[in-house]
Amino acid sequence: MPRKLGLYRKKYASRSKASKPISLYLNEPVSSIKDLEDKTTNIGVTTGWVQQLSSNKEILLFTTILFNSVLMVQINHSLDIAIKFEGQQISCETAESWSGIPNKIEKTQDLYTVFSHIQKHSICQGNQIKEFAEVNNEKSPTAIRMGKEIIYNENCEILCNKSHSYCQPCLQQRHKLCVQRSRAAKQTTSKSDPSSTAPYSALSRDEMKQRMKNLHNEVRKLKRQRDRLTEKVELLINSESIVLNQHDHDDLKQIILMEKENIEKHLHTPFQKIFWEQQAEAAKRNDTRGMRWHPLMIRWCILLRHQSQKSYETMRQCIALPSQRTLRDYTHHIKAQPGFSNEVDSQICHAARLTTSEEREKYVVILLDEMHIREDLVYDKHTGNLVGFTHLGDVLHQLESLEETSEDHTFPPELLANSMMTFMVRGLFSHLEFPYAYFPSRKVSGYMLFDPLWESVSRLERCGFKVMGVTSDGASINRRLVRLHNPKSKLVHKTSNPFVVDDDRSFFFFSDPPHLLKTTRNCWASRSRSLWNNGKYILWDHLNEIYSKSRSESGLVLLPRLKYEHIHLNSFSKMRVDLAAEVISESVSKALTLYGGDKASETATFTSNFDKFFDCLNVWNFSDGKRKRKVFQDPYRSGTDFRLKWLEETFLRYLENWECNVKALNGYTDAQKKAMLLSEETLAGIKMTTKSFIELTKYLFTVPGVTVFFSRNICQDPLEKFFGCQRQIGRTHDNTTVKEFEQNTQALRVVDSFCRSSVRSNCRGNNDLDKTDHESYSLPKRKRSKKNDEYSCDTPSTLDEPMDTYTSSESILGSSPQPSIGTRGKSKGTSSTNSKGSSPQPSLSTRGKSNGTSGTNSKVSSLQASTTRYVAFSSKGSSPSHLLSVTCTIQDSSQDTASDFDESSGGYCWCGGKDIGKMIACDNVLCETEWFHYECVGISCAPKGAWYCSKECRFSQK
C-alpha cells in the first residue's frame, strides 16, 4: 500500500506542479531575450509559431506562414517589437488594424497579446495579378507588387477582419483596378465595333456585316437617348418655365436700363460687354429686324449657327439674335468656288484693312496643307453643275490617268477629289488668319502646286501684301515643291520673289516646327533606329528607365508630366505634338543628366538642344520666358538676338558634327549608318527652317516700326485649327465633301480667328474672345433684291475699302448712276424686239442685223427705274466673273441715248458713250457694236482668250 502511494505521487507530481495558473506566468516581468525564450517555452504560447534565437543571441524571431505568406515577429535585445510581412516591416502605429499592439515587451503578457491579436484576424489576400492581366499597373503609382502573383497597396495593413478578404486600402485599390480593367476592355475594340477605325477594305464580309449590325444598334441607342432627353427637357419646360406678361417684361427692361452700370462692372471680357450692350439695345426695340448688330456678334452667331441650326433657333427664343437670313447675307455675299477670285482678294484686303494698316502689318506668310475629304458628287441647283471633281493639277496628267483606265467602263475615280489643298494667309505682325484659296485635288504632286503657289503670291503682292514665305509640313509633295526652285542644290531654303520690284526681299521656305519636333521624337522612339553620336547611343530606353524610376518612388515625382502615353506610343499618340514637346523638354534633359549616368549623357544633350530649338521657333507671348524662367522663350527684339547666333553656330553645327561622326565610322553599312541619324526628311526640314528663320528675323527688324517679333507666327496652327473647325461642322461625319467645305469656308472667312480650336485638337487654342479690336471692322453684306423686280439678282455689296486693282463691276455700278443700255436682237431682215415684251421694260434703242444691211438705231422714248444688261460670255468659260447679270438704276436723261452713235467710226458700247474708262472689243467680226465698257458688260479685268458680248455673237462666230 505505501508503495502504491509512492507510485501515485511520482506519476502525478508533474501534473500537480503544472496546475499553476498561466496568468501567474504571464504577469511575470521579462528581463532579457534569454528569459523571454525560457518563459514562452514553459507556458506554450507559441503554438503555430517557429521560435528561433539568432546566433549572437540578441534577436528572437517568431515566424508563421499564413495564406502562403510569411509573417514574422522580431524582438531585439532591447525587447522592442517589430512585425514584418514578406520581409517588409509594418508600421503598427499608422495601421488601424494593428491598434492596441504594444511596442515593447515588459512582461510575457505583451507577447501573448501580439499572438492573440494576430489569431483574431486574417491576412489580407491582396489582388491577384491574373485577374487584372490586361491592366497596366504602372499607371497606378499606389499599387506595389509583392512576389509574382499578388498586388498589394502601398498602405496595405496586412491584417483584416475574418469576415473580409481585403484590408481597406487594398479594397479601394481593387475598385480602381476593376475600373481600369473595364476601360481597357472598352478600348480594345475589334474591327467590327462601331468605334473601330479599321477601313472597310480591310474587313471580311462577316466583319462588315457585324459592324453594320453594331452601327445599327448604336444608332438605335442614340435615338432612344435623344428621345429621353427631349422628353425630359419638355417636361422641365412645362413644369418649371414661367411665361412673362407684358408688365413683367417692362419691369425687366427697366431693370436692365437702370442697373446697366452695375452689371457692366461684373463683365470681364470685351465680348461680354458687347453682348450685354446688344441685348440691352434689342430690349428697347419692339422689332429687332431694324437692329444693327455688332460685327463681333455677327461672327459669334455665324459660328453657333454652323455648329447647329436647331440649337441656334432655340437660343433665339431666349435671347435676341439676328435671323438666319441675315447671317446668310453675310456668308453668301460672294459665290463659293475653288481657286482664286477677285472677290476673295477684295475680302482679304478688307479683313486686313490695308488702307489704314501700318507698313509692318502687310508682311504675311502663306500656310499650305491638305485635308482629307469624302468623295462625293453634289448637284448645285443654282449653277446646274456637279460639285466634287478635282480642280488642281495639269490637264495632261489627268488625261493620262484616264487613258490608263480607259478599258474600265466604270466611272473614273481619278476625277473625284479626296483631299482639299488649302492656302491660308497669316500675318506676321497682325491677327490676320484668312483661308485664301482651296483646291479639290487627288494624288497631288509637287509640280502641280508650283503654279497655284506663285499665283497666290502674285495676287497677294498686287493687293498690297508682302509675302515673306510659305510654311508646310514634311510631306513628300511639299519637299518636291521646294526642290523645284533649285534642283541642283542639296538644300533649298529660299528663292527670289519675281513680283518684288522695289525691294530685295527673298521668298523663304519653312517646315512647320511642331511637325519637326514630332518627327524628331518619332525617330528617337523608333525601334528600327539606334541614334548614335560622340561614341554614345541616344536611346529611348534611357527615357523609359528614368520614367520607371520616377514611378517607383513615393513622395515627390521626378517627372510629374510624363505619363504612360508619353512612353508607350501608338499610332494616335505619335501624331500628338503636345506629347512630343513634354518628352523633348528641359526637365527630361536634367533628369537624364542627374540619374541617367554617363551612358545617357548624349541623350540628355540631344533633348536639351532640340528643346531650345523648339523654344526659339515657338515664341508666342511676352510672359512665358519670365514665368518659366526660359530665356529662349522671350520675344525677339532685335536682329542680333543671341538665339540667332546659337541656332547658326551651335545647333546647326551640332547637326553637322553628328552627321560627320556617323560617316566616319568604319565597319558599318550605309543602312546601319542611316539608322544612327534622324531621317533625311527631318534633318533637311530642320536645316531649311533654321536657315530661313535666321534670315527672315534679321530682315524683319529692318522694317520700319518692327520692335518685337513672335516666331510662332510662322507655324501652321491656324490652318490646323481651320481644319478642325471644318470637321466640327461636319457633325455626324468628320470628313466633309467638296460642297460642304465650300459652304463652311464662306462662313469661317467671316468668323475669322473668332473660331476656337477643338478641345482635343493638336494645337493650342486662342484667346481671341478677349481681343475684339482686330475684329470690329464692318463686314461686307449681300444686298437683297426687291421682290417686284423680276430681273434683279443678288449681287455682292460694295466693300468699305475697295481695291483699286481688283475693282468689281458692282463697285463701279454702285458708285454713280449709269446711262441707258441698248439691247440688240438678231434676225434676218427685221429688227429684234425685247424677249420680255409682256413685262414692264424700258424703251431701249435697238439694232437689227440682216443679210447685207447694217443695223439702224432709234432713240429711247422713255426709261424705267431698272433694266437688265446682257451676260458676257468667254470662249473658255473658266472665269465666273464674266457671267454676271447686274441690275442697275438708270436716270432719265435725253442726252444719254444711242443717237450719239457714229456708224463711220464703228460701234461704241450699249450705253452710247465713247472712250470712257476701260473698254474691250468683241471678237465677232460681224458685231457692229465692237467696243464695250468693262462696267457695262459686268467684268473687272480683261478675260483670257476670245471674248464675245453675247451668245449670238459667240455662236455666229463659230
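Please read every residue number as a count from 1 along the shown chain.
The backbone N, Cα and C atoms fix where each Cβ goes, glycine too.
As annotated by TrEMBL, region 'Disordered' applies to 184-207, 765-861. If you look up TrEMBL, you'll see 185-199, 805-819, 840-861 marked as compositional bias 'Polar residues'. Residues annotated as compositional bias 'Basic and acidic residues' in TrEMBL: 767-776. What TrEMBL records for 820-839 is compositional bias 'Low complexity'. Under the heading site 'Histone H3K4me3 binding', TrEMBL lists Tyr908, Met919, Asp923, Trp931. If you look up TrEMBL, you'll see 908-953 marked as domain 'Zinc finger PHD-type'. Positions annotated as Zn(2+) 1 binding site by TrEMBL: Cys909, Cys911, His933, Cys936. Taken from TrEMBL, the feature Zn(2+) 2 binding site covers Cys922, Cys927, Cys949, Cys953.
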Among the recorded positions Trp931, His933, Cys936, whose Cα is within 10 A of the Cα of Cys922 (Zn(2+) 2 binding site)? Trp931
I'd like to know which of the recorded positions Asp923, Cys927, Cys949, Cys953 sit within 10 A of His933 (Zn(2+) 1 binding site) at the Cα level. none
So Cys936 (Zn(2+) 1 binding site), by the Cβ count within 10 Å over all chains shown, scores 28
What is the number of other Cβ atoms found within 10 Å of the Cβ of Asp923 (site 'Histone H3K4me3 binding')? 16
Find the shortest Cα-Cα separation between Met919 (site 'Histone H3K4me3 binding') and the binding-site residues Cys927, Cys936, Cys949, Cys953, and name the residue that gives it. Cys936
Pull out the recorded positions from the set Asp923, Trp931, Cys936 whose C-alpha sits within 10 Å of the C-alpha of Cys953 (Zn(2+) 2 binding site). Asp923
Which secondary structure state does DSSP assign to Cys953 (Zn(2+) 2 binding site), in the simple three-class scheme? helix
Cβ atoms within 10 Å, counted per site: which of Met919, Cys922, Cys927, Cys949, Cys953 has the most, among these recorded positions? Cys949
Based on Cα distances to Cys936 (Zn(2+) 1 binding site), point out the closest of the recorded positions Asp923, Cys927, Cys949. Cys949
